[in-house]
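Feature annotations, courtesy of TrEMBL:
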BINDING   H114, H118, H124  Zn(2+) binding site
Amino acid sequence: MFKYRLINKPKDLKLKKETLELIFGSVSLNISKIQNWTLNIVFVDDTKIKELNKNYRNKNEVTDVLSFHYFEDFTLLKQREIAWEIILSQSKIISQSNEYWLTKEQETYKLITHSILHILGFDHESDKDYTKMSKEEKKILKLLSI
């Protein structure tokens, strides 16, 4: 299995271990190359995510989530080594949860699912890619009743 860490998680955000493990388990069962990995999930303010977005994507704006992976070839990954990080905007979680009529926790699970799929190579730059990614994302979110 895998290990994950929640870093700087807001105290009022009540993420369930079982739900996170359901997300990660559904991805790792379907994509065997990531059976052993470590994921950092980091919660940051708007200033930090805007800075990261500018530095890594050349976009000078606040975004809801950024994903970073440190291995192109997961076969090189040592067991329990950090494979990737997901950086989440605390304020975007709140605003988007209100916009989409979700709880903060549901929005967080949604963003984590979306990010993991990006890291694994899914994209939504074309209609075909969007359909493929959306199908996988919906399959996982359905397990969560989101």
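Start at 1 and count along the chain as shown; that gives each residue its number.
Just so you know, glycine gets a Cβ as well, placed from its N, Cα and C.
Around the Cβ of H118 (Zn(2+) binding site), the same chain contributes S67, each under 8 angstroms and 6 or more positions distant in sequence. Sequence-distant neighbours of H124 (Zn(2+) binding site) (same chain, 6+ apart, CB under 8 A from its CB) are Y130, M133, S134.
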